[in-house]
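K.L.:
Below are the structure tokens for one structure; questions will follow.
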Amino acid sequence: MKPSVILYKALPDDLLQRLQEHFTVHQVANLSPQTVEQNAAIFAEAEGLLGSNENVDAALLEKMPKLRATSTISVGYDNFDVDALTARKILLMHTPTVLTETVADTLMALVLSTARRVVEVAERVKAGGWTASIGPDWYGTDVHHKTLGIVGMGRIGMALAQRAHFGFNMPILYNARRHHKEAEERFNARYCDLDTLLQESDFVCLILPLTDETHHLFGAEQFAKMKSSAIFINAGRGPVVDENALIAALQKGEIHAAGLDVFEQEPLSVDSPLLSMANVVAVPHIGSATHETRYGMAACAVDNLIDALQGKVEKNCVNPHVAD
């Protein structure tokens, strides 16, 4: 008899078929208490869980006594109670490598669109505002040869540094938990403390996961240390930034502009002051959102769940010691 798994995110037909070759698959719309209650017998028997964008906490795990592995279609896993999973010896799988290049593309797009005011001036053209040769009020700022500060030199940080160094001749500063020898050798990146990075960078790109240590890592104190001409980019996790402090910094002119793919609350409230600022490019968490990459992430998540329930946890496992 095949193990039972719960799928709470739609999959392409071929990936669903692959999953069904290994498991009895039960599809649900979400992991809300109502859904769990209505499908209590299914949740009680499930050994695997696959999906994204839902909280997996201790309360849910209490309803799933046979759960052995959960696989998320994402690199981030701050919506999972890792301690609760680990205490119950449940493996947590994620997709850390598939989206690297695509998210780096998004970061570079935010750098370019904020510096060159692409969204703002495009809207002016659409509104009929281009009636004569453009003047300084349409101008942006250069990207090439400007200093890029990267906070978080992981896979995505490395991919961004590659684009910036080779494509735009940008000097690279970075701050991370440890020195990154490859970044220093390939991109001539310079490690520095966060204060130095903030003071010297023309673009500050934040690429950090959300943890207890990184929550509101960026606040009023950090924005005050940045150049008034600097542009802030966040494509990591929204709550790493104190959004009210960011809004205040933009309103006071402490920083020049911001390109944001993530927010403290998602979706972003329609009455957020960020949406009325011409110098803010706000996009709806599209970091990995291409057809190719989202398919690759889903395929990886399917393979991860198959591997995990077969006892193979050599890669993509957040808590591999559970399998020991």
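Cβ atoms are placed via backbone N, Cα and C, with glycine included.
What Swiss-Prot shows for this protein is this:
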- Arg237: active site (ACT_SITE)
- Glu266: active site (ACT_SITE)
- His285: active site, proton donor (ACT_SITE)
K.L.:
Counting only residues 6+ away in sequence within the same chain, which have a CB under 8 Å from the CB of the residue listed as 'active site, proton donor'?
P.N.:
Asp261, Val262, Phe263, Glu266
K.L.:
Please report the number of other Cβ atoms within 10 Å of the Cβ of Glu266 (active site).
P.N.:
11
K.L.:
Relative to the Cβ of Arg237 (active site), which residues of the same chain, six or more apart in sequence, are found under 8 Å away?
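P.N.:
Long-range Cβ contacts: Gly76, Asp78, Leu208, Pro209, Leu210, Thr214, Val262.
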